[in-house]
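Working notes, beginning with the structure itself.
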Amino acid sequence: MGGVEDDEPASKRMKLSSEALIHLSNGSTVKESIVGSSRDLMARPPQSDGGEEVVGSKGVIKKVEFVRIIAKALYSLGYIRSGAHLEEESGIALHSSIINVFMRQVLEGDWDESVATLHNIGLTDEMIIKSASFLILEQKFFEFLDEEKVMDALKTLRTEISPLCINHGRVRELSLSIVSPSHCFTVRSPKQNTSRARSRTKLLEELQKLLPPTVMIPERRLEHLVEQALGLQRDACMFHNSLDEEISLFADHQCARDQIPSYALQILPAHTDEIWFLQFSHNGKYLASSSHDCSAIIWEVDANGISLKHKLSGHQKPVSSVSWSPDDHQLLTCGVEEVVRRWDAPSGECLSVYEKAGLGMVSCGWSPDGKWIFSGVNDKSISLWELDGRELECWKGQHTLKISDLEITSDGKQIISICRETAILLLDREAKVERFIEEDQTITSFSLSRDNRFLLVNILNQEIHVWSIEDDLKLVSKYRGHKRTRFIIRSCFGGLEQAFVASGSEDSLVYIWHRGTGELIEALPGHSGAVNCVSWNPTNPHMLASASDDRTIRIWGLNNLSAKQKDTHGNGIHYCNGGT
């Protein structure tokens, strides 16, 4: 930043002429000497002959504001002469004369005059005036201390800062700084090792944040408006699903449909019965699936596609769900009202079995640190286990159902489970507080968003609901179109920034909606049986997996990434270009 150097002692800095102000980030361009007291100046927005003239086809952009923001951007970019020419040619000043006086007084350390000018700017909010005065007088206080003028600093504190009657905690800190510098909570930058005062340019930036934007335009305001507009265009883009997609200022942004994974790149037929559940690992390098055939499979994901890594056998009943450990080195599998098994993902070895005499497990999940596991039990309780199989805690009562999902938030505080046919329990382990999502229809499944702020809830009436769970529980979205009459159908968030919702369906299709608008954008054919579960690769927005009663998993991707046509391989993988 131009102007005063940050690492100079505040009291040693040169006074600036009005010409030098043009080099500051605030873009001021005082060209003539200011004569007379600031009390004689009226604070008013810069005027132009155009009055309330507007620009743009919508008639909502005021010309004066538009020109001032452009001038501000030019100064911020370092185009000092261009900014000055714009002010001169347009007749629209970036700042009023009194603001230019105020800024110069601050930079030159004329503290009493700058406080007086502040009161004449025309501000109507007394708290803003007091807060800005506090910042200015605090700077004055610290500069006195830096000059070892302790009595002057004490006088400033007692007669000027304290009477403002605000920020009492900070006033106490300033008092301590007089007695002992070690108690001083300074505002200096790391480079200012010997000065307790901030640089005056930093002070001006802080004052700028306090004053209304019509008085002093915020830094980088034009950049902020442009970024906001680009963000809105991206959010409104139905198919935006790529980090590589550049957003240009030269044209409105619109992605093509080919950004959505809608081509079946691979068919994985290794299971011998209906596939009920699948889930990508957190790092996107593995996929786990579970089946009515009493097995689970770990698949490996690489640049050449997906290949079978381990087939996990040992369950005596169908495997209803799987859950990856936080580090993706281990996998939990849950048999239907049977046991939970913990597997070593690299080797495929079973490490532990979790069971309760006379009872069966119905769901499973990990603590965020990977030190414990949770399981739902068919007596409607939820258990917490050590990895070695020792049960640590059990929440008895109506906490889960025989058919239920189980999620634990990433902070480890909340356990989420279907506790009644029409209700989901959010149990705060630390506060021992229970909250409930209540639906009018039977809940069949749910999944938690990656940011732990939303639940995707599947309902018996063929709707998918999104609930906000961050603070107050609130229904925020609904999605319709898929079919569900008899089976458990699972859905997921996915894509870039989880901007999409995908779901299985009993009509053998995979459905994809735009999360923000709720518009259905794809219904993917290919399976020959009900699609029970879908999972979107968390690290690759162009990879989606679906599991079906037809005993296959389909891997969906982009058309230009399709693998070459290949025959069926010995590992049970069929590569295709979208056909069956």
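Even glycines carry a Cβ here, placed using N, Cα and C.
In TrEMBL, annotation is done automatically, which means it is predicted and not curated.
Annotation comment: TrEMBL describes 95-152 as domain 'CTLH'. Summarising the annotation, TrEMBL assigns repeat 'WD' to 268-302, 312-353, 366-388, 524-566.
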*What stretch of 268-302, 312-353, 366-388 shows the most Cβ pairs under 8 Å to the repeat 'WD' (524-566)?*
268-302
*asked:* Six or more residues beyond either end and a Cβ under 8 Å away: which residues meet both conditions relative to the repeat 'WD' (312-353)?
replied: 273, 276-279, 281-283, 285-286, 288-298, 360-366, 368-370, 373, 375, 378, 387-389, 402, 405
_For the repeat 'WD' (312-353), what's the mean pLDDT in this predicted model?_
97
*DSSP-assigned states of the repeat 'WD' (524-566) in counts, ordered helix, strand, coil*: 3 helix, 17 strand, 23 coil
*Residue distribution over DSSP helix, strand and coil in the domain 'CTLH' (95-152)*: 46 helix, 0 strand, 12 coil
